[in-house]
Amino acid sequence: METQRNYPSLWRWGTLILGMLLICSVVGNLWVTVYYGVPVWKEAKTTLFCASDAKAYDTERHNVWATHACVPTDPNPQEMVLENVTETFNMWVNDMVEQMHTDIISLWDQSLKPCVKLTPLCVTLDCSSVNATNVTKSNNSTDINIGEIQEQRNCSFNVTTAIRDKNQKVHALFYRADIVQIDEGERNKSDNHYRLINCNTSVIKQACPKVSFEPIPIHYCAPAGFAILKCNGKKFNGTGPCTNVSTVQCTHGIRPVVSTQLLLNGSLAEVEEVIIRSKNITDNTKNIIVQLNEPVQINCTRTGNNTRKSIRIGPGQAFYATGDIIGDIRRAYCNISGKQWNETLHKVITKLGSYFDNKTIILQPPAGGDIEIITHSFNCGGEFFYCNTTKLFNSTWTNSSYTNDTYNSNSTEDITGNITLQCKIKQIVNMWQRVGQAMYAPPIRGNITCISNITGLILTFDRNNTNNVTFRPGGGDMRDNWRSELYKYKVVKIEPLGVAPTEARRRVVEREKRAVGMGAFFLGFLGAAGSTMGAASITLTVQARQLLSGIVQQQSNLLRAIQAQQHMLQLTVWGIKQLQARVLAVERYLKDQQLLGIWGCSGKLICTTNVPWNSSWSNKSLDEIWDNMTWMEWDKQINNYTDEIYRLLEVSQNQQEKNEQDLLALDKWANLWNWFSITNWLWYIRIFIMIVGGIIGLRIVFAVLSIVNRVRQGYSPLSLQTLIPNQRGPDRPREIEEEGGEQDRDRSIRLVNGFLPLVWEDLRNLCLFSYRRLRDLLSIVARTVELLGRRGWEALKLLGNLLLYWGQELKNSAISLLNTTAIAVAEGTDRIIELVQRAWRAILHIPRRIRQGFERALL
């Protein structure tokens, strides 16, 4: 009875605890949520395309930079400052530099591809000195060395005419540096026989007469899906973290000036001092790039009104050479303000001294090498100048001379007047992009003057001893020229897809989940062609991904084919890059949209899912994630688990689509109007026939059972119309008027006539039979549950009593063990103390025993 009274409270408390557990389990779960458009990026290498205002600078279509093929620049460029962002830059490992270097080489090669090869000019040249006509000298001609009248030679040679079997003798003017004397032996050596300098080392190609080398600013732009990060730190040295970061779509206009030693027409530092940039300032094998904060103007001139003439060197080929020199035959030269140069040099030396412990700094010209390295080489008005910079780099700066605000140095140059640099002009120019190839630059008519700004220097250094550091001008690797402008840029790939935990869960069609074998995800796109429709539907995600991969691979193959046939299609490098950029943008967009579609998130910026968040990915709370972390920090934390999360999203969406497909199969029951459709009438007739057949079958079964039952009782009805009373036991008398007794609740069983009464009677009997059996079954189940509950409760009580009993026994045993241990320890301690005391007394009694021994001995 006590147990039965405890049942209601037990069930009440059990239900309450179960509800609390369910609520806690629902509240505590986190689910993966997909976000599209998160501000996350990663370093990447991609194809950049160009933007330029070529028409604003030069209408000549044959400009070597082919900027007419670039897209127009944005009149309102957008630059977004990234607050609280620190990004690492490295100008020495920058794919933008390598890409620009490759582009400029391709442009030079393409511009010179259709030009004439000067192989027919590799003949013997009969040369003599040149006499100028109408020579006039200005008053300041003393600034320039006039004793250089042998700079050019008038050479005659035989060439093939339009008719191949006929030769013609022509003459042309060559610079002395472009020809070498032929050594035919000591006996037959002639001072008048020469050849072109590059005939035995490389193929010479003439620059087309319409090609212009005037640099035009080129803006490098990132395609859609990518961005260019820009460091706006004014003292940024090119490597390390930058805290002032912005994002742009295009760089500033970069003039691809090909020069050595001095950087021309570049960007300036925005601080009061020069900026020193080097991969390792202590490594003398690494170049040092100096960015000036103020420009130094350099004015270069080639005097003389030269003429140009065309010489036929074969069928369909023409060679352009200098005809006559009218005016001063002097070399070309450049002028630089001495005061301005020395002020700039003082800033450079002061900055270098801070890196080299204020040692004595020596500036010297290059020790040796090719003429392009030992001189300042550049292009001026179509002519290639090679200027001697010894006057610029020939001084010694002690610690006291550059740490003070003075410009004192051990130099013989006048720092107040102009510094004049002697220059040579070469028609045969070694190509800077590769070894073993040269170019013949046709002469330019008339006077040539170009004014440029020196915005940087390229230096090398060597340590003479512990007190001196020698710096020399360097260059030759044009990557340093591009690096001096691209130091503050880097290309990143925008990752708009992000996943994070939230408490929101997608409401889905629940269904028992089946395990999907991992092998299904590795089937090929066509590998499921022979599978069943059900098996192939599992690989739809893989097929969609591989379909896009096939498109991407096809586009890549097309681009490679176009690049291979670039010379046939007459496409510039910019055309190839624009095609690549546009295809790449489409591929990036399709890839993101493909993933969103696979996850069931098409067209959504925030998409909840049914994938539970695993704490092993990140065990941070929602407040720590959403209130204290940026998307970049969060992406770095879960980057190792992104692939796993993506896979689970695909599996979840596949299961959801399968459940929806199964639900649609039952969806026709949701619309009652469809029940009255004519197409369903045959189904209704079939169902009716099945019901009637079932009733008839049940009637037959019950009739057979009734007959069998009566036969077993030994009674047979006389007629189908006879009312058959139920049999009563001898202990149950019928009720009569005079006596009491049990009420007669029994009825006679009447056999009915007709189909409908028969159906009704059978249905009634069937329902009563089912009801009674179900009632009996429920009664049995209730009694069983009650019994199990009582037995379970008694077992729990017994288990509780056992736990209490054994807990008390363990407690008593522990107390007894502790007491025994304490007693044993106490007894042992007492014995140890007693032994120590005895030993101590024995030690104390040693002198007494010795004294007693002596006393006995004396007695």
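Glycine too: its Cβ is placed from the backbone N, Cα and C atoms.
The feature N-linked glycosylation site is assigned by Swiss-Prot to N134 (among others), with sequence analysis given as support.
Neighbour count (other Cβ atoms within 10 Å of the Cβ, all protein chains): 13 for N158 (N-linked glycosylation site). N158 (N-linked glycosylation site) falls within a strand segment according to DSSP. Summarising the annotation, Swiss-Prot assigns N-linked glycosylation site to N158 (among others).
The N-linked glycosylation site feature in Swiss-Prot is assigned to N244 (among others); the stated evidence is sequence analysis. N244 (N-linked glycosylation site) has a Cβ environment of 15 other Cβ atoms inside 10 Å.
According to DSSP, N299 (N-linked glycosylation site) sits within a strand segment. Annotation comment: Swiss-Prot describes N299 (among others) as N-linked glycosylation site.
As annotated by Swiss-Prot, N-linked glycosylation site applies to N388 (among others), with the evidence given as sequence analysis. Classification of N388 (N-linked glycosylation site) by DSSP places it in coil, neither helical nor stranded. Counting every protein chain shown, the number of other Cβ atoms lying within 10 Å of the Cβ of N388 (N-linked glycosylation site) is 17.
Residues or ranges marked as N-linked glycosylation site in Swiss-Prot (evidence: sequence analysis): N404 (among others).
Look at Swiss-Prot and you will find N447 (among others) tagged as N-linked glycosylation site, backed by sequence analysis.
In terms of DSSP secondary structure, the region 'V5' (466-474) contains 0 helix, 6 strand, 3 coil. Taken from Swiss-Prot, the feature region 'V5' covers 466-474.
Counting only same-chain residues at least 6 apart in sequence, those with a Cβ under 8 Å from the Cβ of N468 (N-linked glycosylation site) are K359, T360, I361, I362. Residues or ranges marked as N-linked glycosylation site by Swiss-Prot: N468 (among others).
The N-linked glycosylation site annotation in Swiss-Prot covers N614 (among others) and rests on sequence analysis. Here the Cβ of N614 (N-linked glycosylation site) has 15 other Cβ atoms within 10 Å, regardless of which shown protein chain they belong to.
Under the three-state DSSP scheme, N619 (N-linked glycosylation site) falls in the coil class. All protein chains considered, the CB of N619 (N-linked glycosylation site) has 9 other CB atoms within 10 Å. Under the heading N-linked glycosylation site, Swiss-Prot lists N619 (among others), citing sequence analysis as support.
Cβ neighbour count for N628 (N-linked glycosylation site): 10 (other Cβ atoms within 10 Å of its Cβ, all protein chains included). Here Swiss-Prot flags N628 (among others) as N-linked glycosylation site, drawing on sequence analysis.
Positions annotated as coiled coil by Swiss-Prot: 636-670.
Sequence-distant neighbours of N640 (N-linked glycosylation site): no residue of the same chain at least 6 apart has a C-beta under 8 Å from its C-beta. Following the DSSP three-state reduction, the secondary structure of N640 (N-linked glycosylation site) is helix. Look at Swiss-Prot and you will find N640 (among others) tagged as N-linked glycosylation site, backed by sequence analysis.
The transmembrane segment annotation in Swiss-Prot covers 688-708 and rests on sequence analysis.
Under the heading motif 'YXXL motif', Swiss-Prot lists 715-718.
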How many neighbouring Cβ atoms, not counting its own, are there within 10 Å of the Cβ of N299 (N-linked glycosylation site)?
14
Test of understanding: give the count of other CB atoms lying within 10 angstroms of the CB of N447 (N-linked glycosylation site).
13
Cα distance (Å, whole number) from N619 (N-linked glycosylation site) to N244 (N-linked glycosylation site):
32
I'm trying to understand the geometry here, so how far is the Cα atom of N614 (N-linked glycosylation site) from the Cα atom of N628 (N-linked glycosylation site), in Å to the nearest whole number?
20
Roughly how many Å separate the Cα of N299 (N-linked glycosylation site) from that of N619 (N-linked glycosylation site), to the nearest whole number?
67
Averaged pLDDT, computed only over the residues in the region 'V5' (466-474):
85
